[in-house]
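Report on one structure; see the data block that follows.
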Amino acid sequence: MKAKLTILIVLAIVVSAAFVLVDLPSNWDYALPRRLKKVAAILLTGGAIAYATLIFQTMTNNRILTPSVIGLDSVYMLFQTFIVFVFGSMSLPSVNKYLNFGLTTGLMMLFAVLLYRFLFKREGKNLFFLLLVGLVMGTLFGSMTTFLQVLIDPNEFLVLQGKMFASFNNVNSDLLLLSAVLIVLIGLFSMKYNKYLDVMALGREHAVNLGVPYQRTVKQMLLVVALLISISTALVGPVTFLGLLVVNLAYHYIGTYRHSLLIPASIGISVIALVGGQMLVERVFTFSTTVSVLINFIGGLYFIYLLLKESRA
Amino acid sequence: MIEVRNVTKMYGGKPVIDNVSLTIPERKITSFIGPNGAGKSTLLSIISRLLEKNSGTVMIDGKDISAWNTRDLARKISILKQSNHINMRLTVRELVSFGRFPYSQGKLSKEDWTYVDEAIAYMELTDLKDRFLDQLSGGQNQRAYIAMIIAQNTDVILLDEPLNNLDMKHSVQIMKVLRRLVEELGKTVVIVIHDINFASCYSDNIVALKDGRIVQEGTTEQIIDGTILESIYEMPIPIEVIDGNRIGVYFK
């Protein structure tokens, strides 16, 4: 299993290096920093999404859920649409990247915190009730977004459309640095909970019996998931579907329950998929599509395969 | 020692456990019996902190369970519920190794693995230890879970219907193991059990619940009695003594 993990990590490094170095033009001082920035953004978001999805699936004991069920993506979409609808596409919150990043991250986190502040304080404290409410809220936000988009001026809608799909093509380097710091800090914070993850995967009753502080761990981990998803979505756009794909591939490929192996494996697969996808988009499709379209297409096929397999078992 | 004081648990305004007080003796097998819906499993879950109670206290070694550190408590008391479905593909040995989590926090030492292998041997699963759980029968699965609880090596072991889905041979095997745990290792065992004859043959004390209250409590000889059982189950249960065991003959 360790050997498989090593292969994966080597492959991730090779793919990233290929992305940076292959076809490097002679005036590399322009292309190189741009490519490095892209790879850095991919490493960050790919890693964050893979990790967030893995712990989310462990927390819910479900292999076909992604954190998008609690409606974070819809909050992002609604906010972006709302700004364009009210202030126009050339307004400050839409054009100023810092303001936009800060506001969207803040809003998504606020939503996540409110969601479970409100729910965990009540009797029941059921994780699945929280997911259900998240799902309903997500649908509500989704419908409101569609409603606003229908009313928007078509030219403005084109600007908005750019934000609806993840893109690594114009990532702001200052935001990249800020996100990197935040993601690394969150990663360090959540590390002390990693040892509980294997046991959490046995389900609540076994976890409590084996001395895991269940309630606290679920709360903290949900916050970590919300933070990671918020930051990566605000940075490049919604790509949470990717998480479902890579985490399941990691389970399949590594064939273990141990999160100490699963975490690096899913991050590795995520990086390979995103860097590889981005290479396809740039060199094969020459930017005629975006990486999230590719990921959603492949992810969707894999999702159907998963559903068919589960229903047969 | 476990002391339950005035514990009440409500579901939707209705008490399922109604002001129950109980002391569970150490180094004995105590069986909870009673009709369906009497609150036996609920009481067991409350004692093991799996369920919150509405009022009352549960004391373990003189300390309220809510005041215990959950990791320390996991080295003192363990529980196995009756349905155990796990989403992962685990071998028997991997599952049993989880029993050492309260001690090792996931990094098992040589000593931990010794406990794991002993627990597997105790449940006679050594031949199956590298098989995956989904390749085993219901009875073998049940034994694997009990092995995990044994590896956890707690003074108090709570089992919710451990004989569920087991044939006679394996039921007897598990009850004998529980008896050995009490006699050889000095454990305190509490089980929820439906078969009053197994309760009669293997337990030291019996607690009978009905409608969320304790209706009878005492040694096995006291409780396995025709009139008392009839009052609990609302059907005639004549008792015969066979080879020194008190057996309820209620089948016809």
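Every residue, even glycine, has its Cβ placed from backbone N, Cα and C.
What you see is a predicted model, and the numbers here were worked out from it, not measured in a lab.
Residues annotated as transmembrane segment in TrEMBL: A:41-58 (among others).
What TrEMBL lists as transmembrane segment is A:70-92 (among others). If one looks beyond the transmembrane segment (A:70-92) by at least 6 residues along the same chain, the residues whose Cβ comes under 8 Å of a Cβ in the stretch are 99-100, 103-104, 107-108, 111-112, 115, 130-131, 134-135, 137-142, 144-145, 148-149, 151-152, 155-157, 159-160, 163-164, 226, 229-230, 233-234, 237-238, 240.
Packing against the transmembrane segment (A:98-120) from elsewhere in the chain are residues 70-72, 75-76, 79-80, 83, 92, 129-130, 133-134, 137, 172, 174-175, 178, 219, 222-223, 226-227, 229-231, 233-235: each is 6 or more residues past its ends and has a CB under 8 Å from a CB in it. Sequence annotations record features per position, and here TrEMBL assigns transmembrane segment to A:98-120 (among others).
Per TrEMBL, transmembrane segment is recorded for A:127-152 (among others).
Summarising the annotation, TrEMBL assigns transmembrane segment to A:172-191 (among others).
Same-chain neighbours of the transmembrane segment (A:222-251): 41, 44-46, 48-57, 59, 63-68, 70, 72-73, 76-77, 100-101, 104-105, 108-109, 112-113, 116, 130, 163-168, 171, 175-176, 179, 182-183, 186, 189-190, 193, 262, 265-266, 268-270, 273-274, 291-292, 295-296, 298-300, 302-303, 306, counting only residues six or more beyond its ends whose CB sits under 8 Å from a CB of the stretch. Taken from TrEMBL, the feature transmembrane segment covers A:222-251 (among others).
The feature transmembrane segment is assigned by TrEMBL to A:257-277 (among others).
TrEMBL lists A:284-308 (among others) with the feature transmembrane segment.
Panel annotation: around the transmembrane segment (A:41-58), residues 16, 65-67, 166, 168, 171, 176, 179-180, 183, 187, 190, 197, 200-201, 221-222, 224-225, 228-229, 231-232, 235-236, 239-240, 242-244, 246-247, 250, 259, 262-263, 266-267, 269-271, 273-275, 278 of the same chain, lying at least six beyond its termini, place a Cβ under 8 Å from a Cβ of the stretch. Counting residues 6+ beyond its ends, the transmembrane segment (A:284-308) has Cβ neighbours under 8 Å at 63-64, 165-169, 237-239, 241-242, 244-245, 248-249, 273-274, 277-278 in the same chain.
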